[in-house]
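The following features are taken from TrEMBL:
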{"type": "COMPBIAS", "residues": "C:1-10", "note": "compositional bias 'Polar residues'"}
{"type": "REGION", "residues": "C:1-20", "note": "region 'Disordered'"}
{"type": "DOMAIN", "residues": "C:43-548", "note": "domain 'Cytochrome oxidase subunit I profile'"}
{"type": "TRANSMEM", "residues": "C:54-74", "note": "transmembrane segment"}
{"type": "TRANSMEM", "residues": "C:94-121", "note": "transmembrane segment"}
{"type": "TRANSMEM", "residues": "C:133-154", "note": "transmembrane segment"}
{"type": "TRANSMEM", "residues": "C:218-246", "note": "transmembrane segment"}
{"type": "TRANSMEM", "residues": "C:266-289", "note": "transmembrane segment"}
{"type": "TRANSMEM", "residues": "C:301-322", "note": "transmembrane segment"}
{"type": "TRANSMEM", "residues": "C:373-391", "note": "transmembrane segment"}
{"type": "TRANSMEM", "residues": "C:411-431", "note": "transmembrane segment"}
{"type": "TRANSMEM", "residues": "C:443-466", "note": "transmembrane segment"}
{"type": "TRANSMEM", "residues": "C:486-510", "note": "transmembrane segment"}
{"type": "TRANSMEM", "residues": "C:582-601", "note": "transmembrane segment"}
{"type": "TRANSMEM", "residues": "C:613-631", "note": "transmembrane segment"}
Amino acid sequence: MSEATAQHSHDEADSHHVAATNTGIPNKKLAMWAFLASDCMFFGTLISTHLIYRRVNPDVVIDGNVVPVTSIFDIELTSASTFILLMSSLTMALTVSAMHKHNVKAARWFLLSTIFFGSLFIGAQVYEFNHFVHNEAHPLTLTNTIFGSTFYVLTGTHGVHVLIGLIWLTTWYFYSFSPKFNEENVMDIEVTGLYWHFVDIVWILIFPLVYILEYI
Amino acid sequence: MRILRILTLSVTLLSLLLFSGCLKIDQNQSALDPKGPVASQQADAFYVTLYLTTFLWIVVGGAMLYAVWRYRLKKTDDPNEIPEQSHGHPIIEVGLILFSAACLVVVAVPTLQGILMTKSLPEEYQEGAITVDVTGYQWWWAFDYPEEGVTTANELVIPVGKAVKLNLRSADVIHSFWLPKLAGKVDLMPGQENFMWIQADEPGMYWGQCAEFCGDAHAYMLFRARAVPQEEYEAWLADLKDGPEVPVDAPEMPEEYSEQVVQGKKVFMQNCYSCHMVGGKGGVNGPNLTNFGSRATIAAGWMENNTENLFNWIKKPHEIKPGNYMWYGVPMKTPGGGIITMEGLKEADLSDEDIHAVVAYLQTLK
Amino acid sequence: MANGTTTTIPHDSGHDAEHDKPQRSFFRLVQRPQQGCHPVIDWLTTVDHKKIGIMYGAFALLFLLVGGVEALMIRAQLFLPENDFVTARLYNQLFTMHGTTMIFLAVMPLNAAFFNYMMILQIGARDVAFPRLNAFSLWSFVAGAVLINLSWFWEAFHGGWFGYAPLSTKDYNPGMGADFWILSLQILGVASLAASFNFITTILNMRAPGLKMMRMPVFTWMTLITSFLIILAFPAITIALVELMFDRHFGTHFFDATFGGKPILWQHLFWIFGHPEVYILILPAMGIVSEVLPTFSRKPLFGYPLIVMSGAFIGFLGFAVWSHHMFTVGLGVVATTAFSLMTMLIAIPTGVKIFNWIGTLWGGKIHFTTPMLYSLGFIWMFMMGGFTGIMHSSVPVDHQQQDSYFVVAHFHYVLIGGALFALFSGIYYWMPKMSGKLMNETWGKISFWIMFFGFNLAFFPMHLLGMAGMPRRTHTYLGDMGWNEWNMWSTAGAMILGVGIGSAVVQVVYTWAKGKKCGMDPWDARTLEWATANPPKDYNFARIPEINARDQVWANKYGKPEEKSGPGEPEPHGIHMPDRSWYPMSASFGLFMVGLGMVFHKQNFLGWDHTLEMVYIGGGILLLSIYLWALEGPRGYHVHPEED
Amino acid sequence: MSETTRKPNFSPASKKTIEGESTRFFTFFNVILTLIGLTFLELILIILPFHEYVLLTGLIVLSIIKFGLVIWYFMHLRWDQIFLTALFMLGLILASGTVAALYLLFPAGESAANKEAPAAQSGAH
Ligand code: HEO
Ligand code: HEM
Ligand SMILES: [Cu+2]
């Protein structure tokens, strides 16, 4: 795949309405990347909080007992959600690819699969939270340990990002049937895709740093 | 316009002069009147930075003023004249950057010395050093002498010429221990123990104050450090260990005490004992009062210790220190996470007579 | 210049007929305001960067006065020892609100006013990249500002502008003041972030042809760098505030030491934001000065690339020095040393700027106008503040100075002598651009000298007070500490400073209403904003100018032939102008309701105790507004300016 | 165009675009396979008998590779202007630097809860 091809496809999508920009990058895309750079700091702060508190409080004490975190976690489930989110990233990339080809029908199917995988991920997270909170032996709640606080706030913020992404994608799905849906929206969907992939890479970091680390 | 400018300029200069004229530096809490090794190092470092930056300020500011004066538009000039359009000069730039870096090295040296000096007690000061645990409360100080097993409050007593290692902790919010003539401040952080050390080279009463905003009555959170010769320090310790002449839990009072003191002790047991210790017994939510009668100040250094002030303090502590827990009661966390409140004087409803009595009793605690 | 006749014709996209229908909002809920609508509606729904800039400026000046009154009350209380002009609680609220107001509601929005108005003109653009988002930033700023000032009617926050935990947690600050503060800052954060993404995109993407990055005016450069600082620094405080809010309302223990929380983490997170924030305040000021000095020296900026690079360097280093606010919290030797040395390094790029400013003056023809006076005052006073900053960067020195009045002196020298002087310089410099009217020079100079004198009288003694051991944030002091005279001088100076600032604000208002009209380029200036009418037409430039030189306007007047340039090609279909919209404002209003509802969570708001519903309704309004906003599209109309 | 896509108004994409995107289609599949493979590796790491630090390094390297693959291919950085990569790296580097610095500023196991804090002992608020 050559640079030239790639360049071309983008020009194609933008050339109709968007005025030429100095950088050659469409405004919305540039703004989204700037937002993602900023979002790195958001998650950086949250991840710091979690890691620091994990470091200064090596023992997770629930009801007076030191509880190994591995006995709370359910690594099979979390691995499964990790695969699910990765898959959603693939389908998102394929959605954008189809949009570039102006193949709206295919794009819609890929979009629907992305929404499906995303919902599955959220479902798994809801199940996981529920499971942890109602764990008979040692319930992990938002308030009973500092580990619980940092864990739920970090993964919860990620979950909220996924949820926003889902709403956004669903909106596109329905909008794609509107007569107003046109070639300008190719770029819009690409921008939504960037957001979605970012949510995925944040999970790529959360998975080892929050989950797998506990098993080492 | 011109007259106005000259006028204001000269007024500015005059007032600056005025300030430097009344520049005295031996105020109670002055950092520029160091009386110990740590404060001296810090004052020296300050002077290094002061001289350096004053020099730079005059040179750079002078260059600016000179340029402004030299290249100003004069009455005779053509306002539309265009001066030469120069764009920059690499050699000057690089030179000035190197010069600035060199100036910074001058600042960095005493900085590093200071950091090393305060991180732990240096070898040469270790002989005869004592340790005091300082705990900050809203809005008073507890001073424990772990090696001696005694506790006092708001008035630290230390031997002259000996280093004092301070372990700083907080019982509630962040406070900061600042005794300017002996050392710069270090914060008292909840859940963390900080270290600093001080040494007084001259005997005397040193003034200190909490420097980190800690709530409503932050401004009233003062303290004193009394530096005394070694013998006097030991005598003070012995006295403190002895406990008060009138033990707070003694059933009988010695003959020589007046009715009032006896009454005062009763009032104290009923209303104050749950929070204040006297002679190793009592509560820990308020300052330890064992040697209270020999302290110079009350209310964490805010007022002189005399009958009138003491009466006012006990009558309406919340009007002297807003939010005062002595009046409103001390909220305490239970292990379950709930809060219970230790009743304060608000509920006690003391009569003036009771207060006079308790004042009389307190003054016997020496 | 163009005496433009404007004709409205439907957006012609050439693609689908939908665009040609009357421009109504989705569902026809509200009519999308058209040209010639009522002025009030016009201002409320405008997407024009110039109107938005003016509103930012007007609100900022208002809050400057509010913060100033708070400051004067602080000083009045400190006039005498053991004074009881205000209670301890009120005093603590005053300095908290003063700091928060001045930083977030006065200086930042005043900067934003110039970003909005001037930066766009300086790059020869017609508007920002996302005009409606820009309006949303403005209204969210207003929402946050109103929310935090509403707190005066219930309980204003009394925890200091950096709200250190655990003092700001429910245990020690049970009232709703802290909640007002937290939620307002969150809303203000949204406003700043949205504005910054917009500015970054605009500057990178929408420059006039030929305006390479290294030809951009320094003020535009500083806007870009500041915007980057905002998007990279604000997340830290946002998360810190979220954690604090969870502690206060949802029973977590992020900052509760008895449960393994670390109050010191709050300080880290706050200052990771807080230190870049002080450069967010000062870099635009440096940008303004870098415009004013060349204009009135009639010389180009000396060392332009160095000034730009040092600005970027200051911004970058600004992220590596945050712990210099925490030298006394017990960080350990390595961390303390590292942060101390990094802090000192910042003197170098800052020095570079100062040297180059003096280089700009050198050999020039210096016109003593009011803006020039303010800029010169800036250099001198900011330098002094910078030097006390260097003192703070030395750990042993800072052990004595931290949390004393010396720090208060330091930051007022950089904030008033620095940021505020430069901003007034900008106001006097750009007023002709914004209003088409010149400010009165004599009165301007009188104000400057009153301010300059009052400022030094108010804040110089604070250095001495700090070294004499007076801690900051104390509402009273004993009479025998040796602080009485300096406090009296300082209060007197503050009152004079107040008169100076007040008189300057009055002049702004007066000029706006009745000032003397002036031509297009009253200062014989250098940069692109002076190449269009005063005030500019809606579309800024009838034809986008082409750029061949750094100071194009100057080059056109006096430059070499190859540097000169004319306006570019006219737009074939006329100039496209985006339509006004209600949704930015309604979205901000939703945000405001969410904030208010959360502050009053489990409380009663004016006799109404369904505050949770308020959150839901606000959220609904926000969401709906975003949807309708997306669906209505930018739309717009075309304008055919008559050629000049 | 087919029945369902008639309403939205799209012109056919250029041949070049279609060819390019079709090649990418396979790239994307290779990427996802690699990602899944690496995730398995991460999981296997847990049970390997190496030293903690080796495992930790391995984990970090693996996540960085995964991270890189997604931004490079899925997020099109490979095909977009280098400027976008720089823009994102600015945020990423600053964030990672901050995380690392913060993490190192907090010594392990030094919290109050582990040491019976003085505050907890004194029982006061
Ligand atoms: C506009 C805002 C602004 C600016 C620009 C600065 C600039 C600087 N600040 Fe300041 N600050 C600002 C706003 C604040 N600072 C604070 C507090 C503060 C503290 C903590 C004090 C404490 O609480 O103990 C330190 C260590 C510094 C250091 C510095 C340094 C080194 C600079 C440097 O950027 C200055 C560089 C400039 C120089 C040095 C002058 C020119 C240089 C020349 C001429 C070159 C040659 C010079 C040398 C070689 C020395 N600041 C606080 C208090 C917050 C609070 O606690 O409430 C605020 C608000
Ligand atoms: C009329 C002009 C001003 C006066 C007289 C004034 C006075 C003061 C005083 C006396 C304090 C210290 C209060 C204390 O520690 O007890 C203070 C704090 C502060 N001021 Fe100002 N100030 C003025 C303008 C400004 C401006 C323009 C800014 C910012 C741009 C500003 C920012 C701050 C900040 C951040 C604090 C710290 C608040 C805190 O401790 O939480 N001030 N001011
Ligand atoms: Cu700083």
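Just so you know, glycine gets a Cβ as well, placed from its N, Cα and C.
Nobody curates TrEMBL annotations by hand; they come from automatic prediction.
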Excluding the flanking five residues on each side, which residues at least 6 beyond the ends of the transmembrane segment (C:54-74) place their CB within less than 8 Å of a CB in that stretch?
-> 43, 85-86, 91, 94-95, 97-98, 101-102, 105-110, 112-114, 116-117, 138, 141-142, 145, 149, 427, 434, 494-495, 498, 501-502, 505, 508
Spatial neighbours of the transmembrane segment (C:486-510) not adjacent in sequence (6+ beyond its ends, CB under 8 Å) are 61, 64-65, 68, 71-72, 75-76, 78-81, 416, 420, 424, 427, 431, 439-440, 443-444, 446-448, 450-459, 461-462, 464-465, 468, 477
Sequence-distant residues near the transmembrane segment (C:133-154) by C-beta distance (under 8 Å, 6 or more away from its ends) are 45-47, 49, 52, 55-56, 59, 63, 66, 97, 100-101, 104-105, 109, 112, 116, 127, 176-177, 180-181, 183-188, 190-192, 194-195, 197-198, 581, 584-585, 587-589, 591-592, 595-596, 599
Any contact, the transmembrane segment (C:373-391) to the transmembrane segment (C:301-322), with at least 3 Cβ pairs under 8 A | no
Which sequence positions outside the transmembrane segment (C:613-631), separated from its termini by at least 6 residues, show Cβ-Cβ distances below 8 Å to it?
-> 25-27, 29, 132, 581, 583-584, 586-587, 589-598, 600-601, 605
Summarise the model confidence on the domain 'Cytochrome oxidase subunit I profile' (C:43-548) as a single mean pLDDT, whole number.
-> 95
